[in-house]
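**Q** Annotation comment: TrEMBL describes 55-187 as domain 'Peptidase S54 rhomboid'. Taken from TrEMBL, the feature transmembrane segment covers 20-39, 65-83, 90-108, 114-135, 142-160, 166-186.
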Amino acid sequence: MPKPNLLDRFSDQITILGSLVALMWAVEILDAVIFHGTLDNFGIRPRRLGGLGGILFSPFLHGDFAHLMANTVPFVTLGWLVMLRRIQDFWEVTIVTLMISGLGVWLLGASNSVHIGASGLIFGYFGFLLLRGYFERKLDSIALAIGVFAFYGGLLWGVVPWQQGISWEGHFFGLVGGGVAAWLLAKD
């Protein structure tokens, strides 16, 4: 099967990222207008069996519009950089990160807490882009890792457990998930 041209690939990338972001915004609007913030209860609830479903739902749930806005730009930017080489990379990194970040939070997150937001995925994309250069040892991957670190390196402060109300566990395990995905995809 012939490779799609650059314009087709870009169109597919925009469709995927645009659809996911539109879903996040639609959920937040519904949560604010109809459910008055109660959908956030479907986030990850550590060590509660009912909280396991939050692994899939939490990236689409946000505390408020400011939280969602803060996640939208890095989600789109880093997500697009992940899918530059192959769109399939984006899906594989997303799944690996979602599982590792979600299970890490579920196993080790603070008791009586609910973890929500797309930042676990954002940190996963960040970790993937940084470590892909290390595992692949290709000039383009290394250059991209340096650029991503220069622009988004401050994200690493998000894995330090010092801010109240911030899921540093989600950030940390997202970063780990992205690193694992980089290692797995480098073997392809």
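Each residue, glycine too, has its Cβ placed from N, Cα and C.
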**Q** Which residue counts does DSSP yield for the domain 'Peptidase S54 rhomboid' (55-187) in the helix, strand and coil classes, in that order?
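**A** Tallied per class, the domain 'Peptidase S54 rhomboid' (55-187) gives 104 helix, 1 strand, 28 coil.
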**Q** Looking only at the domain 'Peptidase S54 rhomboid' (55-187), report the model's average pLDDT.
**A** 95
